[in-house]
Each structure stands twice: as C-alpha cells, then as structure tokens.
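Enquirer: One structure follows; several queries about it will come next.
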Amino acid sequence: NSSELSPSFILAGLPGLEATQAWMAIPLCSAYVLAVAGNCAVLLVVRLEPSLHAPMYFFLCMLAAIDLALATATVPRTLSFYWFGSREIGFAACLLQMFLIHTLSAVESTVLLAMAVDRYVAICHPLRHAAVLTNGATAKIGLLAVARGVLFFLPLPLLLLPLPFCGSRLLSHSFCLHQDVMNLACANTTPSVVYGLTAILLVMGLDAVLICLSYILILKAVLRLAAWRERLKVFSTCIAHICVVLAFYVPLIGLSVVHRFGKDLAPLVHIVMGNIYILVPAVLNPIIYGVRTKQIQRRIL
C-alpha cells in the first residue's frame, strides 16, 4: 500500500545494449558538455560585448539559459543511470523533473514567439522598433514567459499526484514526461489527458501559429522591396531564428507523434527521440547564432 501511495519509477535503458550502455552514454555526455559550453559562451559573449546589449540578443540569452536548465534537469540523471546503474527515480523527483521539462519547453516556445515578433517589428516597422522593444519590455516579456509556463504546466503534476500506480513502473524514456507517467496509472486519467492536450495546444500550438503568421507578414514586406539583393539581405536576418524554431519544433512534433501513434515502435525509438528533443536545441542554438552573428564570432575568437 505504501508503494502505491508513493511509488518509484524505473527509467528506460537502451534495450538490447545493456552491457554496453556505459559506452553508449559517451556521445550523450559529449553532447551535454557541448551544450553547456556553447550556451555559457553565448551568455558570456553577450554580457561582455556592449554592441550586443539589444532585445534580440537578450532573447538569445534567455534561450541559452532555458536550454542549460532543460539539459541539466535531465541529462545528469540519465548519465547516473547509464554509468552507475541508478535506474530508480522517486515519485516526487519524477514529478519535479516532469514539471521542469514541460515548463521550460513552454518558456522556450514563448521566447521564440517573442523573437519572431522582434524580427517582424524590425523589418516591417523599423522606425518603431527601438520604442516598442526596449530593454524594460524585453525583461517583462521574459518574466511573462516564465509565468505563462508555470501557470499552464503546474497542474500536470498536481493531477497525477492523487493517482494510484499499481502496475508496471517502467517508463519509456530515461527521464519523466507527463504522458509517459500518466500511462502507468491504474485509474481514470481523462482529466490529465484533456488538460495536457489543452495546455500544449494553447501554448506550443498557439505560439507555432503566431510564429508562422509573423513570417507570412515579414515575407509580404520583403517581397515589396524592388531589388532581389535587398530582399535577400533583409530576409537573411531571419535565417538564424528560423533554424532555431525548426530545431525546437521538429523534435517536439516528432516526440508527440511517437507518443500518440508509436506504441508499436521499438523502445529504442522512444529513447532516441526523447534525447533528441532535450539535446538538439541546446546543442544547435549557440552554433546557429555563432555562425550567423559576426559579433559573436569575433568575440568568441
């Protein structure tokens, strides 16, 4: 009875590769180290370079901090399992990890939307850009993004808290996600299903639609320019942000599809997709902006 009230869960390993998973974890550790180094470099460069003290780069710092927090909330615990055999995770720790993953993902989605609006104002209303997106407004947007993520995703662990878990405790990933934990409950999970889907649609889904809308308006403004060279020059300022949006949403959509329709897929697919979702944005974002931003390149060198 006590285990039903306060259960623990078993993290998923690499099926069929248990004997070599300590070696298989080396690429995961390398990606984590690269993510930490790259995002810390972005934070340091923006802090030390006065010419980068602008809303666009403050948003980039927010992305770097979110990616650092998201990777740190998951990868060290996964590595402790692969290297030291610590496969069991407590109920409270699992709910906390789940809350952090979903909340930080929501905050990152909001920041990506804010960056899209920043690009729209800079291209379509350049004379109003400095007045609309001040440093104070940027800070308020950051606080609003955090508050939005917490308010929408705090109910997820609260809805799971009273549920009994009396069957299998084996997760599909090497960390805790809402749908993964919810599927192990031996009770009616309809409220959790409905609320989880609603929260994702109202946050990530709405943000994706608004980002697409902002780029449609940007594209219309760019096409009004007379010369092709001018069009390419203006639109090239959006390339880095478009790549970052794709690096976030493509793994998110892929993981959602695997969860919804991939019950018959091999367990390894779930584990790989989960790690891609956590690490790909954290690794790629500093590389993308490092390549596309000359000030960051010079400062790092």
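Note that Cβ sites are derived from N, Cα and C of the backbone, with glycine treated the same way.
Keep in mind that TrEMBL annotations are predicted by a computer and have not been checked by a curator.
Annotations for this protein, taken from TrEMBL, read as follows:
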TRANSMEM  20-45  transmembrane segment
DOMAIN    38-289  domain 'G-protein coupled receptors family 1 profile'
TRANSMEM  57-83  transmembrane segment
TRANSMEM  89-117  transmembrane segment
TRANSMEM  138-161  transmembrane segment
TRANSMEM  193-218  transmembrane segment
TRANSMEM  239-262  transmembrane segment
TRANSMEM  268-291  transmembrane segment
Enquirer: Please tell me whether the transmembrane segment (239-262) and the transmembrane segment (20-45) touch - that is, whether there are at least 3 C-beta pairs under 8 Å between them, with each pair 6 or more apart in sequence.
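Expert: Checked: the transmembrane segment (239-262) vs the transmembrane segment (20-45), no contact.
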Enquirer: Do any residues, 6 or more residues outside the transmembrane segment (193-218), come within under 8 Å Cβ-to-Cβ of it, and if so which ones?
Expert: 102, 105-106, 109-110, 112-113, 116-117, 119-120, 123-124, 148-149, 152-153, 155-156, 159, 178-179, 182, 235, 238, 242, 245, 249, 252, 256
